[in-house]
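Features of the protein shown, as given by TrEMBL:
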DOMAIN    584-651  domain 'CBS'
DOMAIN    705-762  domain 'CBS'
TRANSMEM  72-95  transmembrane segment
TRANSMEM  115-138  transmembrane segment
TRANSMEM  232-255  transmembrane segment
TRANSMEM  267-286  transmembrane segment
TRANSMEM  319-340  transmembrane segment
TRANSMEM  450-468  transmembrane segment
Amino acid sequence: MLSNHFENGMDMARLAWSRLPHSEDGELDGVGLLSTSSNRNGVESLDYEVIENYAYREEQAQRGKFFVGYNVAVKWFFALLIGIGTGLAAVFINISVENFAGWKFALTFNIIQKSYLAGFLMYILINLALVFSSVYIITHFAPAAAGSGIPEIKGYLNGIDIPGILLFRTLIGKIFGSIGSVGGGLALGKEGPLVHTGACIASLLGQGGSTKYHLSSRWLQGFKSDRDRRDLVTCGCAAGVAAAFRAPVGGVLFALEEVTSWWRSQLMWRVFFTSAVVAVVVRVAMGWCKSGNCGHFGAGGFIIWDISDGQEDYSFEELLPMAVIGIIGGLLGALFNQLTIYVTRWRRNYLHKKGNRVKIYEACLISVLTSVISFGLPLLRNCSPCPDSDPGSEIECPRAPGADGNYVNFYCGKDKEYNDLATIFFNTQDDAIRNLFSAKTIHEFSAKSLLTFLVMFYTLAVVTFGTAVPAGQFVPGIMIGSTYGRLVGIFTVNHYKKLNIDEGTYALLGAASFLGGSMRMTVSLCVIMVEITNNLKLLPLIMLVLLISKAVGDVFNEGLYDEQARLRGIPLLESRPKYVMRKMTAREACGNQKVLSLPRVVKVADAVSILRSNKHNGFPVVDHTRDGEPLVIGLMLRSHLLVLLQSKIDFQHSPLPSHSRSGSGAIRHNFSEFAKPVSSKGISIDDIYLSSEDLEMYIDLAPFLNPSPYVVPEDMSLTKVYNLFRQLGLRHIFVVPRASRVIGVITRKDLLIEEESEDSATMELQSTSRSAT
């Protein structure tokens with residue numbers, strides 16, 4: 001029965017490809033091959049297309065409805081595991097960072113009661129030790145864990161395979177590196193690395209763990225194709241955002257808007273479920289920590305700044321300063337992107353070429369500089385008297401040394417004074433943002449202190465971005481935006497003289513505007529900001545500043561992650577094709593280069609020679625009709641051909657097709673054997689040993705090729721080809737001459753087949769096809 005299906009499939013392939021010509025020297029004339037493969041920096045494309053070869057069809061024929069239900073259940077179970085794993089990783093990172101920061105500030109505050117110089121040195125040494133541990137882990141153990149990881153994950157979901165980004169050691173480096181870099185007080189956050197962490201957890205679960213470190217389980221090895229791994233990594237990205245911001249809906253929208261290139265409703269349900277699981281895990285962990293089981297972990301850690309008691313309403317006159325905040329966010333965000341491009345390019349071309357030792361020196365130098373600025377600048381600022389306390393307010397002025405909150409008493413001569421610059425500088429970033437967002441604290445910060453902090457922290461964020469440590473830009477962006485937002489709020493309060501205007505509201509809008517101007521996200525960022533502030537009333541204002549900041553930023557450059565992906569050599573296919581593609585055809589995109597093809601029955605020596613002579617990842621396969629006319633019968637992947645050469649079990653002595661001699665198309669491979677390992681290395685032609693006798697053998701490629709690759713006519717516009725490539729996640733596409741005849745036309749009604757039985761469905765499809773012709 002299966003052999004009959006194979007024969008029918010081959011006949012259909014011959015009919016479909018009957019008009020494709022073939023030249024004698026193994027090169028196809030009139031047939032082009034478009035590909036997304038790229039060998040820059042070891043980057044190649046992923047095979048998201050399902051290769052419906054005979055091995056795949058045989059495996060599918062042996063599976064019943066029970067397996068389909070089991071497969072769906074396993075996918076949901078994996079979504080549960082991804083949510084639990086990412087939530088626990090986020091809890092561990094946050095508890096570790098908060099405890100290191102708590103110990104650091106508590107010890108420093110205790111020492112400065114006796115000597116500010118001793119406290120200053122201790123503060124520098126603790127930060128330096130934490131940053132050194134982070135950069136050492138990255139440079140010597142997990143180089144792929146440096147940076148935020150979002151550009152790399154975005155490239156992976158776009159169809160680009162980047163070696164090392166989803167390995168077990170990358171996950172470990174990301175977790176412990178984030179603890180050191182964030183706990184060390186650098187101008188960066190842990191939110192981007194958490195997205196990368198969630199993606200690594202999802203990928204490792206999908207492949208059953210890590211075989212290198214003997215942490216694998218065959219029971220979990222259920223998803224080996226790039227298509228299934230893509231879905232799992234998408235769940236991991238959403239889980240990372242949900243864990244970082246306690247924003248499950250924002251995590252779903254972030255995965256949809258920012259990182260994925262392909263989406264479907266079934267995947268959205270699993271992503272939503274994963275984010276919900278993360279929210280539950282984080283909530284349970286925070287409830288457990290509130291009882292004092294987590295050391296210094298308290299109000300900080302997981303980002304949530306409740307400003308529900310802030311400004312209740314806003315007037316029409318306030319829309320102008322709020323629009324100004326959007327414009328400032330677009331300008332400063334675009335400037336930040338451009339400066340980071342210059343700094344990253346300089347690092348790559350000059351500094352980081354000198355080796356890991358220079359990377360360690362650089363990170364340690366930036367750590368010392370950050371510590372000096374955050375400790376030294378508040379010493380130069382005069383303290384301010386505490387405001388009159390509100391009987392109903394829980395805000396204490398000044399706060400107790402080492403405790404989190406507003407009104408820090410730092411280098412003040414009197415007890416009832418506070419240092420406004422130390423309140424935001426000499427603090428963890430989460431607590432500093434909470435202070436900037438705080439409601440009913442009018443005149444807590446002076447314009448001079450906010451401007452000083454804005455200039456210095458903006459500079460530190462630009463310089464720190466790109467160092468060899470895990471680094472996210474969400475929290476630094478919120479810090480920068482909330483600072484100038486609060487500045488605009490101060491001027492607004494002084495100008496309108498209204499008591500209902502709250503500076504913390506403007507700080508929130510400033511944070512949203514800078515993130516919109518830098519990262520160019522709108523919907524997901526809007527929902528995240530609402531979720532982390534617990535204030536739905538500000539939704540229209542957040543939408544306003546996001547639209548303005550994104551529009552202003554788009555005038556100058558692209559978003560931060562797109563720019564960084566380009567610097568890293570990640571060839572992303574953007575959501576829209578370039579305008580010049582409208583004037584180009586598919587034939588022009590192929591160029592004049594001949595397409596290298598393989599015969600259906602290829603000699604092993606010839607196959608080895610072809611694989612050694614080029615780095616192509618796909619080859620058209622050519623057969624001949626009974627009349628001797630050449631025709632293309634499908635596409636053979638390089639990775640699949642290497643598997644056949646390594647196994648040797650399909651070698652044959654005869655140059656004739658195997659099924660025509662034996663009458664059977666049975667093969668001795670499972671479809672899973674052709675899956676590429678997640679390590680991205682796979683099999684190389686240099687790893688395969690072939691004797692002289694092996695080289696004289698032949699292989700029939702027909703059972704292993706893709707008999708139905710995507711095909712476009714040579715005069716199709718490149719815009720349509722681009723959209724087809726990106727939306728379907730393709731790796732190769734054939735460009736062919738115009739066909740001479742049409743064998744049928746499929747319309748919408750031909751695809752609306754009721755699942756009564758396979759036979760009735762086949763009859764209905766055949767009847768509608770005849771009527772269409």
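The backbone N, Cα and C atoms fix where each Cβ goes, and this holds for glycine too.
The DSSP breakdown of the domain 'CBS' (584-651) into helical (H, G, I), extended (E, B) and coil residues amounts to 25 helix, 24 strand, 19 coil.
Most Cβ pairs within less than 8 Å of the transmembrane segment (319-340), among stretches 72-95, 115-138, 232-255, 267-286, 450-468, belong to 450-468. Across the domain 'CBS' (584-651), the prediction's mean pLDDT works out to 88.
Among residues of the same chain six or more beyond the transmembrane segment (72-95), those with a C-beta under 8 A of the stretch's C-beta atoms are 175, 178-179, 190, 194, 197-198, 201-202, 205-206, 222-223, 231-232, 235-236, 239-240, 242-244, 270-271, 273-278, 280-282, 285, 289, 294-295, 297, 301-302.
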